[in-house]
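Undergrad: The feature transmembrane segment is assigned by TrEMBL to 41-58, 70-91, 103-124, 136-157, 169-190, 202-223, 235-256, 268-291, 297-322.
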């Protein structure tokens, strides 16, 4: 029973493994021009379905309460969409002299360019007891920003690697990402009560469609005899990804807990997760559009496919530690405020005079 429960809980991770294995066994099914017709079903229908689903599930009314905390939002968005990709680019200049597969290194750069995820950062922030409203706002707002900024970052850091013209990329992004997202938000207004009552499995729907995209992406890889991925590069990329995540989590923690930062312990929790997590749900479709027809697309996608489960695993392991820190920090802040509060009212002064015998 425990095994079945575990499989039910981690079905998406198992699905990724099965999708890649299925692509390896029979790549001809999911290649361009194959029976699945991914050039239509994936490039347009599947991607549009994911973003329509995102628009339908995003509770915009919950974000308004978090809107006023401008400093926190600026910190997260600048770190995620500017500092993160720029730092990775500098790091990759050093790694370029190593024997690591160059397309995996390019894949690491694409990870840096991705927006925050809509789900995992929020779930982990909630599990710790951090500022959930801020996590929801920044995950959603970052996703919206990512629609425009991520393709620009990819083209900036990776140059003209894509065989698709710039205008074609953005027209396809607009039709398959922006339009479905807006339509989803409009439809949500009319069926909001039904959605609140029935609670459709939005996450499971998007994840299922995403598995199809992953499957067809790897079908292209395994049907290309010129692509060879060495295990040495893969292991090193795995180690690098965990190192990047831990380093950036520590960095955001240090910056957000300084005396003059103005952030509460609950804010710090949201900052740690939202600033360092990257979206697979938005990332893979975007890579599919930006690098459409590229023979190394699947190798470029590998670091993002590793980063996604790694961030959930690492975040889950650190939840008890971060929660313990937040609770103890909040208690200390409360204890320092109580004497000040007592000094500001007559009853408090009377209490202090009795306590110290004056």
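All positions are counted from 1 along the displayed chain.
Backbone N, Cα and C atoms are what each Cβ position is placed from, and that goes for glycine too.
Here the structure is a predicted model, which means the values were calculated and not measured.
Structural setting of the listed features?
TA: Taking Cβ pairs closer than 8 Å, the transmembrane segment (41-58) reaches residues 118, 140, 143, 172, 175-185, 187-188, 195, 202-203, 205-206, 209-210, 212-213, 216, 281-282, 285, 288-289, 292 in its own chain, all 6 or more past its ends.
Same-chain neighbours of the transmembrane segment (70-91): 108-109, 111-113, 115-116, 131, 134, 137-138, 141-142, 145-146, 149-150, 153, 157, 244, 248, 252, 255-256, 262-263, 267, 270-271, 274-276, counting only residues six or more beyond its ends whose CB sits under 8 Å from a CB of the stretch.
For the transmembrane segment (103-124), the residues of the chain that approach it from at least six positions outside its boundaries are 54, 57-58, 76, 80-81, 84-85, 87-89, 92, 95-96, 132, 135-136, 138-140, 142-143, 145-147, 149-150, 153-154, 157-158, 161, 203, 229, 233-234, 237, 240-241, 270, 273-275, 277-283, 286-287, 296, 299-304, 307-308, 311-312, 315-316, 319, judged by C-beta separation under 8 angstroms.
Residues 43-44, 47-49, 51-58, 60, 144, 147, 151, 155, 162, 285-286, 289-290 of the same chain lie 6 or more positions beyond the ends of the transmembrane segment (169-190) yet place their CB under 8 Å from a CB of it.
Residues 42-43, 46-47, 50-51, 54, 72, 75-76, 79-80, 84, 110-112, 114-121, 124-125, 128-132, 134-135, 138-139, 142-143, 146-147, 150-151, 154-155, 161-164, 169, 172-173, 176-177, 206-207, 210, 213-214, 217, 245, 248-249, 252-253, 256-257, 297, 300-301, 304-305, 307-308, 311, 315, 322, 326 of the same chain, all 6+ positions outside the transmembrane segment (268-291), place their C-beta atoms under 8 angstroms from a C-beta of that stretch.
Within its own chain, the transmembrane segment (297-322) is flanked in space by residues 13, 16, 101, 103-104, 106-108, 110-111, 114, 117, 120, 124, 127-128, 214, 217-218, 220-221, 227, 229, 234, 237-238, 241-242, 245-246, 249, 269, 272-273, 276-278, 280, 283-284, 287-288, 291, which lie at least six positions past its ends and keep a Cβ under 8 Å from the stretch.
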Undergrad: Who are the long-range neighbours of the transmembrane segment (235-256) in its own chain, taking Cβ under 8 Å and residues 6 or more past its ends?
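TA: Sequence-remote neighbours of the transmembrane segment (235-256) are 75, 79, 84, 88, 91, 95, 98, 100, 104, 107-108, 111, 263, 267-268, 271-272, 275-276, 302-303, 306-307, 310-311, 314, 318.
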